[in-house]
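Everything below concerns the one structure shown next.
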Amino acid sequence: MNIVVVLKQTFDTEEKIVIQNGQISEDGVEFIINPYDEYAVEEAIKLKEERGGEVTVISVGPDRAESALRTALAMGADKAVLVDDESLFGDEFTIAKVLAAVAKKIGFDIIIGGQMAVDSGAGQGGPRLAEELGINHVSTAVKLEVDGTNVRVERDVEGDLEVVETSLPVLITAQQGLNEPRYPSLPGIMKAKKKPLDRLGADDLGITADEVKAKTEIVDQTLPPKKQAGRILSGELAAQTSELVQLLRNEAKVI
Amino acid sequence: MKKVLVLAEVRDGQLRNVSLEALTAAQALAEGGEIVAGVFGADAATHAVTLGHHGASTVYTADHTALAQYTPDAYVQALTQLIELASPDAVVLGHTAIGRDIAPRVAARLGYGLVSDVTSVEAGPVFVRPIYAGKATQTRKFVDGTIFITIRPNNIAIGAADPTKTAVVVPVELEIKDLRTIVKEVVRKTSGKVDLSEAKVVISGGRGVKSAEGFQPLYDLAEVLGAAVGASRGACDADYCDYSMQIGQTGKVVTPDLYIACGISGAIQHLAGMSSSKVIVAINKDPEAPIFQVADYGIVGDLFEVLPLLTAEFKKVLV
């Protein structure tokens, strides 16, 4: 089975955001595989272990994204593709078109990705990519079973659980709870250094920057206003809770 | 003047609040132009009055067996046909499970851009949206094609209803075919509970809750306040509760009027998911816990002592 994982390298979720001249500063920032994409990598490797095949991890991003792809290779993926051609960077419209060109080039039976990236938070990648490829998608999966070409997915729908059946080829987006991603082993890390990682650009993919030109632009990026430190209540606990209820009713007026 | 299409969403027979918020956003986008709404399902027409009061001049209703149970194929085809029929300048959906599932697909099908998870529509139009789960804010604009946005529930205040306004109901025939997904079963884990993303009050527990049973005092308070119950990653990782309750940069982002954090230390990844709440109350044994730095009101104490007292106090004033 030809398993493709789409992943994005993101800031570690414990990082604070610093903005300089409208740009988010990357100085000293720790990068990780987007946590939802990490579930996708794990699920792909599990699927390969159960049903055989090959796992290819693909990403569109700057040079530094190689380390996220290498981590996925160290976890057990077989090969990687990085589109680091800046003329193909843009908005969600752009990225989906570029990923679709990569997926068509390498072929796929199933594509797995995170349900969203924790940086942009847009969550457009999966459904857009499936549409570009003309295949079905099932989002926010918490359980995935593949038997032949039959696919059974349990998905999280705003806290409810929906059980759906579909068939290959399909794109699945991973929700938290799908699995527990493994840590790369030391031999895995050593092997990953030698696994193939192709860097592709517009010419390799047969697309032009013009046809994938972004439909939207970022106007500005700012930090939210800093919150004033609040009031720590004091006294007997019973008096504190009574005071809190009064404050919420009369001062904050939220109850 | 622009024509704006809103896809309204019905859940358990009720119009979702976010659909009325979408109509308010549509008014800002229309600049005096026309607002039309679409509703799917057998009883779609029953919601036309409310949609009319909130600014829709036309309500397209579509009743099709394939729309009774949500599948992306059916809903994508339905919304695409609705857009082709209405040919709007802008399309607005809620950033709900359905909205976030179909909007990107419809956008790709029609070659549109899409700005997701919008919290405010400003002049331009420019769209405000949180990034890094609210650690920063981004503004976006369209440079090409139809405007298409999904709006985050609970952020755009619903405009006043005008009972003199009515909508024309237009039933539409949709062609839906080649469905590739079969829904076998829906397990309602949230029935009777308040939805986290739309809740006005959220009470959430962290590692300090200590066990699954430890969530009981949170549920007791939630019942009195009509609140939803959430959790930190620590509580979810420790198996005290389901991941669907997780609030944070991984998990849900919530912006209720009141957020009560119980036994939550306040890791950066959790703060990202709740610090835009209007009023934050922190209850924690550790006076040094970072959660107190974002809290409007704090009580230093054991949540198992504080919560029963607090529940009793609220009962006194609310019941």
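Note that Cβ sites are derived from N, Cα and C of the backbone, with glycine treated the same way.
Remember, TrEMBL labels are computer predictions, not curated facts.
Taken verbatim from TrEMBL:
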type	residues	note
DOMAIN	B:4-186	domain 'Electron transfer flavoprotein alpha/beta-subunit N-terminal'
BINDING	B:R207, B:232-233, B:246-250, B:263-270, B:N284	FAD binding site
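Features recorded in TrEMBL, as mapped to the structure shown.
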| residue | record | CB count, 10 Å |
| --- | --- | --- |
| B:R207 | FAD binding site | 17 |
| B:Q246 | FAD binding site | 24 |
| B:Q249 | FAD binding site | 27 |
| B:I264 | FAD binding site | 31 |
| B:A267 | FAD binding site | 18 |
| B:H270 | FAD binding site | 31 |
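Proximity to chain A (Cβ-Cβ under 8 A) holds for B:Q246, B:A267 out of the binding-site residues B:Q246, B:I264, B:A267, B:H270. Taken residue by residue with DSSP, B:H270 (FAD binding site) is part of a helix. In the three-state DSSP scheme, B:R207 (FAD binding site) is classed as helix.
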